Structures are given as C-alpha cells and as structure tokens.
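Peer 1: The region 'Disordered' annotation in TrEMBL covers 1-58, 156-205. The compositional bias 'Polar residues' annotation in TrEMBL covers 44-58, 156-172, 184-198. Summarising the annotation, TrEMBL assigns domain 'GDP/GTP exchange factor Sec2 N-terminal' to 66-149. According to TrEMBL, the feature coiled coil maps to 67-151.
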Amino acid sequence: SQVSLEEESNNPPAVGHWKPLMPSKGDKEEPETGCQDAGGVDEPQSTEQLNVSRLRSSSVEIREKGSEFLRDELHKAQKELKLKDKECERLSKVREQLEQELEELTASLFEEAHKMVREANTKQAAAEKQLREARGKIDMLQAEVTALKTLVITSTPSSPNRELHPQLQSPSKAGFRKGHGRNKSTSSAMVSAASQNVPPEPGSRECKEVDSILFAEFQAWKESPTLDKSCSFLDRIYREDVGPCLDFTKRELSELVRVAVEQNTLTIEPVASQTVPVGKVAAEEYGGPKKCALSGLPRTCKHRIMLGDSGNYYYISPSCRARITAVCNFFTYIRYIQQGLVRQDVELMYWEVMRLRREMSLAKLGFYPSEM
C-alpha cells in the first residue's frame, strides 16, 4: 500500500492540467480529445474559458473607455492652456501699454516742471531788472530833487536864478531849456515839440519843398512801419544821418552806443546825479568830468551814459550828448509811428522826420544848444 501511494504521488492526475488563457496556434491545432479523455471535465473548462473571455472583453472595454476619457481630458487641458496663453499674451500687452503710458506721463511731467522753472527764472530776472531800473530812477529823482533844492536856495529876489525863471531868459534861449537832465532813449518828444514851437526869428523864414524820392520811401515805410534797417527808408537814414552822427573816435564804444540806442537801453543822466546810496557800490566809470569817453578829448563833461544794465558809466561832452540825443529823438518818433501813437497826416509826419534828420545833421557838424 505504501508503494501504491508513492506512485500516486509521483504521477499526478490528468484532470488538474492548467491551460493558458490565450492558446497559441499549435494549441488550436491539437485535438480536443485530451479534454474528453480527462473523464468528463469538458463542461467546467468551457465555462471557465467563457468567464475568461468575458473578463478579457470587459478589460479591453475599460481600457478603451479609459483611453477615451484621457484623450478628452487632454483636449480640455490643451484648450485651457491655449486660453491661458492668450490671456497671458493680452495681459503682457496691457502691461507694456501701461509702462509706455507711464513713461510718457513721467516725461511730460518732467518737461512741464522744467518749463515752469524756466518761466519762473525768466520772471524773476525780469522782476530783478525792473527793480534795478526803479532803484536807478529813484536815485536820479533824489539827485534832481537835491539839485532843485539847491537852485531854490540860491535864488533870491536880488539875484534870481535864471534856470528857475525862464521868463528872465532871452527869447532865443527860451526854447532850449534843460529838458534832457535824464534821458532814456524813448523820451525827448517834449524837447522836439518845444523846439518846434519856437517862433522863427525875423528874416529867417524858410521855404519847404517835398522831395519825391524821400517822400515815396517814407510812404512805403508808413504802410508797414518797422525798425528793420533793410527797408530803403531806414537804410538811407542810417547811411546819411545815424551812422555819421554816432561815428566817434572810439569806434568800439561808438558801436556799443549805436546798439544801445537801437535797443532802447541807453540812459543819459547829468553828472550832478552821481550820488551813491549808503551800502551801494558805485558803478565803474570811464573817462571823467574833464575827458570825454567817446571823443577822447579833454572836455568838460556834464553828463554820463550807461549802456543797458552793464553798470558802467561813460562821461560824454556836450557835443557828443547832442549827437546821441538827436539820434534818440529820431528813434523815439519812428517808434511812436510804429506803435500808432502819432495820428497826423502823412505829409506832416514826413516833415517831422525831416526836421529830426536836420537835427542829426547839425549835431554831427558840431552845432548844439549852449545849455547842453
């Protein structure tokens, strides 16, 4: 019996054979007689194969559905990614636009700030200039008041001062009273009017005749008055009158005087007004009361000039003062015409210009009133 048990243990039964789920081609060709020989085991084996095939089909179906689900999720993720890319691109454009606008705004603010600073500096410079001019005028007025007080004190009934009482002067000198004590080059129309109102002496009656060329040039200039030297009217006057009248020995200073007269920045004041206030530094002076800075000759200088705001004073002789004053009177009158302040007939304005030209011609030849 032990021998039979050992044989049975060494030879397992045929019913317990395990077949693979997916048989190979060789397996399909083998006859199924082995299963039938197993002693009635065919039916459970077919059931097991059916279950295995069902499991296989269900796993395939699950795999397909899972792959389809994953594809859908992948498509959704790709769409969301594209949308986010577009949103990022839009936001980057918005950021670039905001940065550009911020830079432009910053630049405009800086430019506006610089502009305001420039305007403030310009206004401050103009205010300082006006303050200096006002102080200079105050100084001159104080000096004139002091001089007038001196004249009043020195005038007595027994020996009246003829400067204070023009009726005591001769008629020929009444028209040349001191009217140019201080002169900004825009003033002095009063001197012209005064000299124009002087009645002519007997036997000195003159006749006038309009020069057609000069009158045509003046009419053309009157249509559009300007201070540009390129027009024929002013070009002739510069060549024939202004240039020779302001042509002094000191050429460099003469040029500065001409520019100051043209720009209306020349100041003439009497030497008696040379009073320096307390705490104020005196301006640098050239020439001297006994030497003319323009001619360089030893002359008694009763007046001095200042060119603009340079602070430099130049002593001038009466002859040089008469020449400068004549040119200033001419420029004053044509500026009045340009500004529309002269409302006269064209011919009357023409004759006034000719009279001013005659004054410049006489001054450059050395004729001037003795009161200067």
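Each Cβ is built from the backbone N, Cα and C atoms, and glycine gets one as well.
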Peer 1: Could you give me the DSSP helix, strand and coil counts for the compositional bias 'Polar residues' (44-58)?
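Peer 2: Counting residues by DSSP class gives 15 helix, 0 strand, 0 coil.
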Peer 1: Can you tell me the mean pLDDT for the domain 'GDP/GTP exchange factor Sec2 N-terminal' (66-149)?
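Peer 2: Over the domain 'GDP/GTP exchange factor Sec2 N-terminal' (66-149), the predicted model scores a mean pLDDT of 90.
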Peer 1: Write out how many residues of the domain 'GDP/GTP exchange factor Sec2 N-terminal' (66-149) are helix, how many strand and how many coil, based on DSSP.
Peer 2: 84 helix, 0 strand, 0 coil
